Amino acid sequence: MEEATPPPPTKPPLLQPHKPKTLDDLLERCMGALCPSQLAQAVIVSLAWVFDAQQTFINVFADAAPAWTCADPFDPVCAHAPNPCALPPSSWSYSLPSRASTASDWSLACARGPAFLPGLPASSFFAGCLIGGLALATLADSSLGRKRSLSLSCLLMSIFSAATAAAPNVWVYSLVRFIVGFFRATIGTSALVLSTELVGKKWRGEVGILGFVCFTVGFSSLPALAYYNRYSSWRLLYLYTSLPALIYSLCVHFFVRESPRWLLVRGRKEEALDALKSITSSPLTSSFSSVCGNGDNDIDVYSALKALCAKRWALRRLTGVMMAGFGIGMVYYGMPLGVGDLGFNLYASVTFNALAELPSALITLFLIGRLNRRTSVLACTASCAVLSVACAVEGGGGSGAAKMGAEVGAFFCACTAFNVLLIYALELFPTCVRNSAVAMVRQALVLGGVFAPALVAAGRRSGRGWVSFGVFGAVVGFCGLFVAWLPETRGGGICDTLEEEEYRDGVGKGGDLEQPLLA
């Protein structure tokens, strides 16, 4: 009797090759291990933050009211005057050439007109950022994509920044600064989203923080450039910062690849495959096409925002992070403008603030994998509020070292909250609306910046510029509380569609399982 032929051996279940079932699974297989080409792409993209920082804070020096001295140091009236506006022109003079700042070049500090006039150019810049963010926010999610949005924004920002040097008066100057802000609005968002979508989720937080480190480099470079240029025209400062940004925009166009995740969501499979092959060394599977979209993703430019508003859970998340962003932005953008009112040298004060960004970015970089996003934002905003109020309390005549220490501490907390909040926003929303959601959070940060220059200018005109720090503290403390009602995202994956997010987190029509801190 013949023996039965044994069946062919099969692989144990645990040894069966894993077949990706979702787009996220596929991209993790391809990009999960960080290879040199991915890191190089992420670094190039993150360099956009250098130029973003320079244009954001350049008004601190270009529009600064220069120090002034009395012609007769023994004149008691001049010696005790809070500002030179009421003094005879012959009794005082600026310490630097009048061309060194717009405030002295156009006599803005003592010009007749509203108290906010010296702060108008900075407020116009942030207003441009706000309008530009609202108008351009969804282009990177829809028609332009991440790469082209970044390249075009840098190009147009640099062109109009160079044109700022030709402004004949404060009104034209403010208008051009508005245009610069308009095109600058999406740079940070596009750079952050593109850099984090070029790597797997294991490296997402670290790569996101890399952009903040580059922002610190850009911010730190300004005091050095301004000090070098202190005896020359403020117009040269704009040329020094705009020309490198112009060259960078061309480098992005020629050397950076589009986000494979965005291409797949848009149904552009062949382009996504080419992008993946050029930046990763992982083998691609035959299941590539089975997890891709069908290409029917031609949505109007505002559909992402409409989708966010249509979902109750998405709108709640967006409202919470935007409220926190408004308070953080007022402190973050306002403190460098007002730090000169605490009685310290402007260049040294801004350098301290810029250097405070570096430990903030590094701490966030090395601890982002261990930090609870929600708790970190709450702790940072509360600490920032306490230290900002301490600046106002000491500002009336306290110790100079104590005032400077409290101000740098408050700015450090604002920087850390800023960094964690943007990473938090990245993780709260799926790919189809992520760029738009992060852009809206950045607009909330910028909205705080719109009010900050006018507040600082009004306080400076009254001779009590330190009062603005008390307002900063009250606003950031209140707004920071809104993140307490948001879910924690540390350690979770990222989804590609709103429906996938609802299914994973149990939100939407099927229930609402988000666990707020204050349940």
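From the backbone N, Cα and C atoms, a Cβ is placed for every residue, glycine too.
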From 23-44, 375-396, the residue range that TrEMBL assigns the feature transmembrane segment: 375-396
Close approaches to the transmembrane segment (441-459) from elsewhere in its chain (Cβ under 8 angstroms; 6 or more beyond its ends): 59, 115-120, 122-123, 126-127, 129-130, 133-134, 137, 185, 188-189, 318, 321-334, 337-338, 341, 418, 421-422, 425, 465-468, 471-472, 475
Same-chain residues at least 6 beyond the ends of the transmembrane segment (152-172) whose Cβ lies under 8 Å from its Cβ atoms: 48, 51, 55, 102, 106, 108, 117, 120-121, 136, 144, 179-180, 183-187, 190, 235-236, 238-239, 241-243, 245-246, 248-250, 252
Same-chain residues at least 6 beyond the ends of the transmembrane segment (314-334) whose Cβ lies under 8 Å from its Cβ atoms: 56, 126, 307-308, 377, 381, 384, 388, 410-411, 414-415, 417-418, 421, 424-425, 428-429, 433, 437, 440-449, 451-453, 455-456, 468, 472-473, 475-480, 482-483, 485-487, 498
